[in-house]
Amino acid sequence: MGHALLGVLGLFLLNTLLYGHAEDPRPVITVSPSWLSAGASVTLNCSVKDPSAGWRFYWYKTVPEPSGNFFYRHEQLPGSSSGTEQDSYIVHGQTHTARYGCRAERGDPVYSTYDSEPKFVWSADIPSSASLTVSPDRAQHFTSDSVSLSCEGNSTDWRVMRSSPEGRYWAPCSTWGTMNGSTCHINTDRTSDAVYWCESRSGESTNAVNITVQDGDMILLSPARPVTEGHSVSLSCKLRSQTFDSIVFFYHNEKVIQNDSRWELNISAVSKSDEGFYKCQHSGRESAQSWMSVQVIPAVSRPDSSSFPVLLIVGLVCGIVLVIPLLVLFCYRASKDSGFFRPVQSESTNADRADYKNGHYSPLLQAQ
């Protein structure tokens with residue numbers, strides 16, 4: 001027993017002498033932004049306890065194992081198989097929710113850190129292949145409300161996942177709700193603030209939604225999923241058991257945008273500038289704020305009214321360019337045809353005059 005203890009202590013001291021600390025450091029990964037916007041790249045940063053030179057950084061994302069059972073594996077990001085000298089990495093073209101991690105190595109023999117805790121990058125945009133729907137479709141709910149989440153898509157093996165907004169802990173519906181097929185019923189007996197999404201064993205992920213369950217007297221009714229650009233949307237204030245009897249304030253990114261007796265805020269045609277945090281206030285009470293995301297329609301599939309006059313002018317010019325050569329060709333043919341018959345008429349007339357002078361007449365003229 002004493003020899004074993006001395007052996008462990010010896011390894012502890014050796015590790016401290018070699019690396020300057022008692023245990024392998026766990027690097028910390030940060031992501032920016034944590035919520036995706038259309039066309040934006042994602043920057044990953046990996047920091048270690050000892051930031052001296054000589055580190056090489058390895059980047060990966062965690063994806064579900066096809067076998068299921070909620071095991072995950074690392075999938076290296078492009079260009080990081082041999083590590084990078086820079087402690088940052090840029091991900092281009094990401095369109096869906098993903099978890100990223102990093103680790104670091106240095107020295108000869110190689111000393112490697114533990115893997116970092118994964119960090120989420122959320123996407124609220126709805127992919128064409130799969131989506132998460134919320135019923136009722138709003139981001140805030142009272143405790144005791146009935147709330148369900150459904151996965152829709154090509155896969156038949158969906159699981160609804162939940163994570164803290166910071167992305168530190170995540171778990172399947174079976175640990176915090178009731179899963180029935182591809183639908184999860186949330187337990188709203190307790191307050192919560194969490195991010196939800198669906199994932200399949202094949203690695204597919206849906207849009208993510210942030211849902212808040214509160215035990216207060218007032219909530220903001222705003223859509224849980226993104227609003228399509230150009231569509232209308234209504235946000236409203238709701239009291240648990242009372243009606244509004246005075247002015248209601250609506251805020252967008254902490255600025256008052258409506259203050260009157262109306263308990264509803266209507267936006268007739270949503271634009272990207274309407275995206276942001278919303279909340280309402282009434283008689284000294286204030287709802288929690290919720291983020292409203294705006295999904296932009298790709299330019300290739302969206303008609304542009306400003307291009308209509310240009311298209312009209314181009315069409316007219318093309319029409320004129322095609323018609324003019326046809327008219328010239330027609331006139332030329334007509335002119336050529338009329339020039340061919342004139343000499344015949346002239347020769348016939350000259351011959352008749354010659355016959356008249358010589359006393360020769362055609363039978364037709366003699367009959368006359």
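Yeah, the Cβs are placed from backbone N, Cα and C, and that goes for glycine too.
Copied over from TrEMBL:
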SIGNAL    1-22  signal peptide
DOMAIN    25-105  domain 'Ig-like'
DOMAIN    216-295  domain 'Ig-like'
TRANSMEM  308-332  transmembrane segment
Tally of DSSP helical, extended and coil residues in the domain 'Ig-like' (216-295): 3 helix, 42 strand, 35 coil
Integer mean pLDDT for the domain 'Ig-like' (25-105): 88
